[in-house]
Each structure stands twice: as C-alpha cells, then as structure tokens.
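Engineer: Sharing a structure here in structure tokens format.
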Amino acid sequence: MSRFVDAHCHVSSGDELRGELEVEGPTLRCVMSNNGFDWGRLKSVADEGRLRRGFGIHPWYCHLYSFGETDKRSHYESVLVWKDDEAFESLLERLPEPVPLEEYISREFDPSKVDVVGEIGLDRLFRLPENGYYVHSKNPAPLSRVKVKISHQMAVFERFLRLACASRKPISIHDVKCHGVLFETCVREILPCQEVKVCLHSYTGSPQTLRECWLRRFPEDRLFLSVSKYINFRTESTAEQLLKLIPPGCILTETDFPVDIEREDDLQNQLEYTCRQLAKILQLGALDQVKALVYDNYHRFIA
C-alpha cells in the first residue's frame, strides 16, 4: 500500500513553538527551507527515513539577504518600499544585519544534502511583520505596511533558478499575484535546463494561465502541481475548475504546514481529504489508487 505524500511542507521558524522533526513517520515528506534559520535544522537531520530537504529563500525572507557587501541601512533602504518613515525606522531597529546571498549559498548548499531547490518564488501581496520577518508564534507580530521590492525578490528568485540548473535539482515555487512575470522568468531560466522539474505549490493562478502557459510550454514530465486542502479547496467549485486541467501524471499532494508542531493525525487527515477530493473530481478511483498515483509522481519529481 502506498504512503501519503506531503510534497511541500515546513518546519517552524521560531523557538517558541519549535517541535521535534519526525524522520521515520508514515508520510513521505519534502520539507522546504525558507531561510537560514530553518535550514539550520533541516541540514542536521539524518539522511535516513522518508524526509527530503529543500534549500531556498522564500520571498517573505529575501529582504534578509544582500547582493555584495553593504551596510545594514543601505541594504534595507534599497530593497524595501514604505511610505511611513517612522514605520521603516522601527523595522530597521529590529531587522538583523543582511546576509550576503552568495556567501550563504557557497557555505550552505551541499548537493548531497539537498533534494529540491525551494521554497522560492515571488509574492506581490506580502507585507513585513512589525518584528522584521515572519516567525511561527502563538502571538504573531502585526503586519506593517512595508513591502519588499519585486526587483529584489526577482534577483533572489533568479539566483536560485540558476542554482537549480547548475545542480540539476527540481524546484518548488511560491507564486502570489505574480503569475505572468514568474512564468516568463521560468521559461527563460528553467525551460532550457531539461533536467530541472518544476512544482507549482498550492497554485493560485487562473485556470487559463495554467492551460495556456504552463501546460503549453512545459512538458508534462517536467511539470507538477502540489495541491493542498488549506489553499486549493477553500471553495469546491474553484478547486474543480483547476483540478480538471491537471494531467494525472502532474499531481502531487501537500499540506504546506510546519510538520514539527502540527499533530500527525491532523496532517494525515489533510492529505487524505485532498486525495479523496482528487478521486471524486478527477474520477481516479479508490483512495489507494490516488495514493499510488501521487506516490509514483512524487518519485518522478524528486528523482
């Protein structure tokens, strides 16, 4: 019997809610890193078991990384957008010294410890929390009105796309309200790299963009969409429109949750719900048949 697959999940990024990371659990998992904090936890996990590792910089954290040597103020002034100077100055006090991105990649990227380049991408809606960057907390900081420039997000994203091509690793992509420019960037940077597979995690673009862009330009054996209950099944009608476009060989399942602080039963229930919805909407048969399909797809994606 095939196991459930969580093709895109996380570990907690703060100390307050940090839990144990289960390596030998019942689910096959690909755990993403968003920044150097969670990568520090992931890279220390033993290679045995059912856990695969992603190495990336999420757009929510890309402002913490710089290109070249620069002082703290100059860096954040160059990559952030704000209207209220007081809000910016308050954030600046809380933000850490920027980390030179090339140094970070050179120091931390070990192809033998990395299975996927991710989570990476673009996010036009995200606003920085008032503490400077998002952490898992019982009392998360309120959001400020400060954003990260798309140009900086793009520079970080493109750097990791080049890393994926150089290392021939698959990628897992975050995309919020940047569907056109993100697709065009992937066509330019990734499409020529035939070994690199693409996973659109919890895809929220239009069915038209999926059909006329991604499915038209990328071969089915290189394109995957990981589906989550939390994001993709907020309304059943929207989910049905999207899922009916996805070729069965491109389907993956995910939770997008921090697996060290969520109960295992709850994570399993999320994946089972998603598989049952896939079976119903796409007429894929019994639950075990969907699990087997996703299991096979996952091993093609992660191979």
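These residue numbers are counts, starting from 1, taken along the chain as shown.
Any Cβ shown, glycine's included, is placed from N, Cα and C.
Caution: TrEMBL annotation is automatic and unverified by curators.
TrEMBL lists these features:
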BINDING   GLU119, ASP256  divalent metal cation 1 binding site
BINDING   HIS174, HIS201  divalent metal cation 2 binding site
Engineer: Fewest other C-beta atoms within 10 angstroms of its own C-beta: which of the binding-site residues GLU119, ASP256 fits that?
Structural biologist: ASP256
Engineer: In the three-state scheme derived from DSSP, which category covers ASP256 (divalent metal cation 1 binding site)?
Structural biologist: coil
Engineer: Are there any residues in the same chain, six or more apart in sequence, whose C-beta is under 8 angstroms from the C-beta of HIS201 (divalent metal cation 2 binding site), and if so which?
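Structural biologist: Residues satisfying the criterion: ALA7, HIS8, GLY118, GLU119, SER172, ILE173, HIS174, SER226, SER228, GLU254, ASP256.
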Engineer: Using DSSP and three states only, what is HIS201 (divalent metal cation 2 binding site)?
Structural biologist: strand
Engineer: Among all the protein chains here, how many other CB atoms are within 10 A of the CB of HIS174 (divalent metal cation 2 binding site)?
Structural biologist: 26
